[in-house]
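These notes concern the structure reproduced below.
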Amino acid sequence: MADTKFTRRGVVLGAAAVGLSACASKPKISTYGGPKVTRVVVQKADRKMYLFSGTTMLESYDIELGFAPEGHKTVYGDGKTPEGSYYIDRRNPRSSFYLSLGISYPNAQDRMEAARLGKQPGGDIFIHGQRRPGDPKGPDWTAGCIAVKNKEMSEIYAMVQTGTRIDINP
């Protein structure tokens, strides 16, 4: 009889542990089975980002930019979001901003311009999720990154792969 109680208790506790672990380990990364995203286009002035497969627009998102969004990023700390053609060069599932996709800034031209000015070009520019508690308030708050809502970042992270071109327009 004692063995039966032990076994029932073990089964109940085991089932509870499995149920709780399933809730706790729910992935925040979506899956995507649609057409391949071949290009990301950012229109800074409109605060919009578009995902394309060839010439077909798949999705559009409202975005937030660097705290000094006008003009091309030139040097570290200027608060600007770069302008030009780059590519997605890395994926970060453990981002401080939910999830993030790295942008290949600075390129050779960006490094030359910063060197001409005697400055560092900066780097670590990403597409990422929402601000954290304590981050600056306002519509444009990042250090030069492109921010979207966390739910949208899950979609973007699933859809956009390393190597995808990103065109960032004024």
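Glycine too: its Cβ is placed from the backbone N, Cα and C atoms.
The active site, proton donor/acceptor annotation in TrEMBL covers H128. According to DSSP, H128 (active site, proton donor/acceptor) is assigned to a strand segment.
Take the CB of C145 (active site, nucleophile) and look out to 10 A: across all protein chains shown you find 23 other CB atoms. Here TrEMBL flags C145 as active site, nucleophile.
Among the features that TrEMBL reports, domain 'L,D-TPase catalytic' is placed at 38-169.
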Checklist outcome for this item: The mean pLDDT across the domain 'L,D-TPase catalytic' (38-169) is 95
Checklist entry - Counting each residue once, how many in the domain 'L,D-TPase catalytic' (38-169) are helix, strand and coil under DSSP? => result 19 helix, 45 strand, 68 coil
